[in-house]
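Notes for the one structure printed next.
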Amino acid sequence: MSPGSRGRPRQRLEDRGLMKPPSLSKRRLLPRVQFLPLLLLALAMGLAFYIVWNSWHPGVEEMSRSRDLRVPLIGSLSEAKLRLVVGQLDPQRLWGTFLRPLLIVRPPGSSGNLQVRKFLEATLQSLSAGWHVELDPFTASTPLGPLDFGNVVATLDPGAARHLTLACHYDSKFFPPGLPPFVGATDSAVPCALLLELVQALDAMLSRIKQQAAPVTLQLLFLDGEEALKEWGPKDSLYGSRHLAQIMESIPHSPGPTRIQAIELFVLLDLLGASSPIFFSHFPRTARWFQRLRSIEKRLHRLNLLQSHPQEVMYFQPGEPPGPVEDDHIPFLRRGVPVLHLIATPFPAVWHTPADTEANLHPPTVHNLSRILAVFLAEYLGL
């Protein structure tokens, strides 16, 4: 098994490139004497229109009619607003309220899995922003026989046209009885706790944009059955994401046609919590958003807002990843959804071992990631 392969069969998926606009057809130029006055007049009219338009529509960002992504607003948060956003995060709440209840054995179909699912549902329903929480229960055939699974889907404003979707899996890998317990702290209790802390910390800000009926809303997916139950393969892995992507592809959504098309950006978190993680951009289509995360990390470092974070330990790195990784983004990627995959590569040393516990997490790294992601959300959603 080579580093970064996650012990799973490699499968290269071509990232859908953006179509280049057709070139304008050439037209005969007017004679120079007639052309210059007309050019000056056109420039004057264009400038006047631009001034009037911006006075009526301040800060409006032009959106593509295709599924292209928006251009990120570099440095769109003032330092005061950035500090305000970061100040809403509570490391003790993240760790004690959200992370520790997840650190139990929770493979699909187990009592621990159901306990965590109910905890996620109750936590999301308690937020003052008024999230729309849906359960996606289903039964699937597995190498262990039929098992019950359940995804948790939370959408801030179901009526919004587009979704920024953050996702992680909440199940832990199944190990046969008699082996040491596996609680999957990095895989993926910490990602789940990060999402809960983010929406709790930004609750008031998210409530405001919901009341304003913003065109882009936040959506969270807590997916079940990511791990293989026996041996990784197309039928023994990604149970929850495969089921949910298929369901979302069939549910109508305005302006349409379905919920899967409403996902403007799918951000998947996995294998987080060990010290000095390294992240790479996995898809050219979302490289601009990866660059945004790099810029945010550098800015927070310059402002001395990251802990145990020397200049030489930058999480978000340029260059190519060690190799493709199959994860819960695959069913969505295959349906044309833009994916930003935030997975530590190489994988943590404790990956798929009983040592993937709270004791081997690095709290400063977890809190640093919460700050980077909080600023990213605030910029993307215009909080």
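Keep in mind that glycine also has a Cβ here, set from the backbone N, Cα and C atoms.
Feature annotations, courtesy of Swiss-Prot:
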type: TRANSMEM; residues: 33-53; note: transmembrane segment
type: DISULFID; residues: C168-C192; note: disulfide bond
type: BINDING; residues: D187, E227, H352; note: Zn(2+) binding site
type: ACT_SITE; residues: E226; note: active site, proton acceptor
type: ACT_SITE; residues: D270; note: active site, proton acceptor
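When Cβ atoms from all protein chains are considered, those within 10 Å of D187 (Zn(2+) binding site) total 29, not counting its own. Those residues of the chain, other than D187, E227, H352, with a C-beta within 8 angstroms of the mean position of the Zn(2+) site C-beta atoms are S172, K173, F182, G184, W351, D356.
Checked against C168 (disulfide bond) by C-alpha proximity, the recorded positions E226, E227, D270 yield D270 as the nearest. The closest partner of C192 (disulfide bond) among the recorded positions, by CA position, is D270; the full candidate set was E226, E227, D270, H352.
Cα to Cα, D270 (active site, proton acceptor) and E227 (Zn(2+) binding site) are separated by 12 Å.
DSSP assigns E226 (active site, proton acceptor) to coil in the three-state reduction, outside any helix or strand.
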